[in-house]
Amino acid sequence: MGKNVVVLGTQWGDEGKGKIVDLLTEHAAAVVRYQGGHNAGHTLVINGEKTVLHLIPSGILREGVQCLIGNGVVVAPDALMREITKLEEKGVPVRERLRISPAAPLILSYHVALDQAREKARGEAKIGTTGRGIGPAYEDKVARRGLRVGDLFHRERFAAKLGELLDYHNFQLVNYYKEPAIDFQQTLDECMAYAEQLKPMMLDVTAELHNLRRAGKDIMFEGAQGSLLDIDHGTYPYVTSSNTTAGGISTGSGVGPMYLDYILGITKAYTTRVGSGPFPTELFDETGATLAKRGHEFGSTTGRARRCGWFDAVILRRAIDVNSISGICLTKLDVLDGLETINICVGYKNENGAVIDAPSDADSYIGLEPVYEQMPGWSESTLGVKTLEELPEAARAYIKRIEELVGAPIDIISTGPDRNETIVLRHPFA
């Protein structure tokens, strides 16, 4: 019997999922993306060579692994083709291994224009989107007016729907946001050109996943962003437009929850966040700057500097509950090397002095103060360490304390960016 293993982020994204997916796909026949779009940025380092993927599953760098894009992913044809071309220039065979669900919604030029116009209009109150059209594309999907990958192959039907959509969206762009209209013919011509390239890659991904499952194959489900950016369970409204938590797997791939065997929660050894929104443990001092510098905390999609702070056990407990996490992968432990002391947030204090758990919306974070537990740091380097026993005693104590605070085992520890710089205590596919 094969196993279905999920890899998802437990914080605000950028936890290091790409490396771990790449590591574990050694055992997988297929890797599937089930939500998000090219707002994701998964960085992989193999033998010192860095590759950043935005839409294509991270398993593409493993020879022979099938890569699938499920119906829950919003697909920008231009971004996808750029990514395919870049990989093919490196000698990676993509088209014969990548398959895309015909039910995946399309991101087109008017979605990008709307996304950017809205952020511009919000000014200081902006949400901090990547400006890549993700939100507007999901809006069209939910409103049942969106175009999907499968529509590309029916020119007349596509053109009729596109005309209606542009009438609707251009009205907003021109009259409300005072931005230029999107041209119908140019958009149609571009889409039809992409259709020819995408047609050989279209496949009923849900049916393929169940065929693989029945054949006893191991399958990896690759999440994008992080649990606290979930549209329902995140720090609303400073969230993304998809379900980044485990519930999104079934809706975004068509594989029911009973078929999921193990859910691995990727967790950074400290906390980061990109863009606006609450961040109780954020550091504005030299320590925060040190974490950012050592951890190279700049977004792989936008290049934006990430906000850095201490490890927050409160938000991780919430993520473990919401996702039914089987085990944790702790990443970037080496970034903490050399710190004299390390703080862990164990709770929040409100104006009444009470320690409370993680709120369910952004406004409820206002006025909360983190309650810290201080632990000794370590001077030794953990970079590239391959066994638990080799880690400094203080680092092992830090890991153990996190397990105690969140009630879940740490099964994998990442000690560097390369796939080989990893300690595997319990293998998800075992």
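Just so it is clear, glycine is given a Cβ too, placed from its N, Cα and C backbone atoms.
These come from Swiss-Prot:
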ACT_SITE  Asp14  active site, proton acceptor
ACT_SITE  His42  active site, proton donor
BINDING   13-19, 41-43, Arg306, 332-334, 414-416  GTP binding site
BINDING   Asp14, Glu15, Gly16, Lys17, Asn39, Ala40, Gly41, His42, Thr130, Arg144, Gln225, Thr240, Arg304  IMP binding site
BINDING   Asp14, Gly41  Mg(2+) binding site
BINDING   Ser300, Thr301, Thr302, Gly303, Arg304, Ala305, Arg306  substrate binding site
Open item on the list: Which recorded positions are spatial neighbours of Lys19 (GTP binding site) here, meaning Cα within 10 Å, out of Gly41, His42, Thr130, Gly303, Ala305?
Closed with: His42
Open item on the list: Taking the Cα of the residue listed as 'active site, proton acceptor' as the centre, which of the binding-site residues listed as Thr130, Gly303, Arg304, Ala305, Leu333, Thr415 lie within 10 Å of it?
Closed with: none
Open item on the list: I'd like to confirm something. Which of the binding-site residues, Gly13, Gly303, Arg306, has a Cα closest to the Cα of Gln225 (IMP binding site)?
Closed with: Gly13
Open item on the list: Using a 10 Å radius around its CB, how many other CB atoms surround Ala305 (substrate binding site)?
Closed with: 12
TODO: Pick the one among the binding-site residues Gly16, Gly303 whose Cβ has the fewest other Cβ atoms within 10 Å in this structure.
DONE: Gly303
Open item on the list: Nearest of the binding-site residues to Thr130 (IMP binding site) by CA-CA distance, picking from Gly16, Gly303, Arg306, Leu333, Thr415?
Closed with: Gly303
TODO: Could you measure between Thr415 (GTP binding site) and His42 (active site, proton donor) for me? Cα positions, answer in whole angstrom.
DONE: 17
- [ ] Provide the number of Cβ atoms within 10 Å of the Cβ of Thr415 (GTP binding site), excluding the reference atom itself.
- [x] 25
Task: Arg306 (substrate binding site) versus recorded positions Gly13, Gly16, Gly41, His42, Thr43 - nearest by Cα - done: Gly13
Open item on the list: Rounded to a whole angstrom, what is the C-alpha distance between Thr43 (GTP binding site) and Gly303 (substrate binding site)?
Closed with: 13
- [ ] Within 10 Å of each Cβ, count the other Cβ atoms, then let me know which of the binding-site residues Gly13, Gly41 comes out lowest.
- [x] Gly41
TODO: For Lys19 (GTP binding site), name the DSSP secondary structure in the helix/strand/coil scheme.
DONE: helix
TODO: Kindly assign Leu333 (GTP binding site) to one of the three DSSP-derived states: helix, strand or coil.
DONE: helix
